[in-house]
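Asks: Structure incoming, see below.
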């Protein structure tokens, strides 16, 4: 394998790990969050892809059940934050279903990583195509993250509260950037591999057929 293939494979592995970490955000792992909201009683709410956790609450750490798509706007109202307008609340709640893209992107990148380990069989072009699909899905996931949690963050700040971006948002963003470079690396390996094959074919000695007269 060329150096570009090794580098691309390494980047795919890193992106895969980051997306897996983002996929187990709160409430699965309370400390991996997309948005942090400190409360006046000293506790803090950590919103993730599948729900949220309240840390340092009177009963300790409490988390909601994990499920795809949760009513984050309604949860804010339950926490005492000024609620969204009904139309805005419906939009924000609906968008949370898009967080399913985190594990989907992780799965696609995992496939690209596995195929890159066998790139001599499947070809660099095939690996590049899968990596690009993973990049596009991750990019869409990043958009969902920033749109949804950006709206929640702004709603809290507009009403005198505090809200901070969590580590999960940046993890997905970094994974997307790494995937872009991984796609470029595998594409470069594809181009150079084809070029080497053509040069090898062009410089191969022509067999001499002996006369049998």
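Cβ from N, Cα, C; glycine included.
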Asks: Could you check which of 52-79, 164-191 is flagged in TrEMBL as transmembrane segment?
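Replies: TrEMBL lists transmembrane segment for residues 164-191.
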Asks: Near the signal peptide (1-26), which residues from the same chain, at least 6 beyond its ends, have a CB less than 8 A from one of its CBs?
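Replies: For the signal peptide (1-26), the sequence-distant neighbours (Cβ-Cβ under 8 Å, at least 6 residues beyond its ends) are 32-34, 46-53, 63, 102-103, 105-106, 109-110, 112-113, 116-117, 119-120, 124, 127, 131, 134, 138, 166, 168, 171-172, 174-176, 178-179, 181-183, 185-186, 188-189, 192-193.
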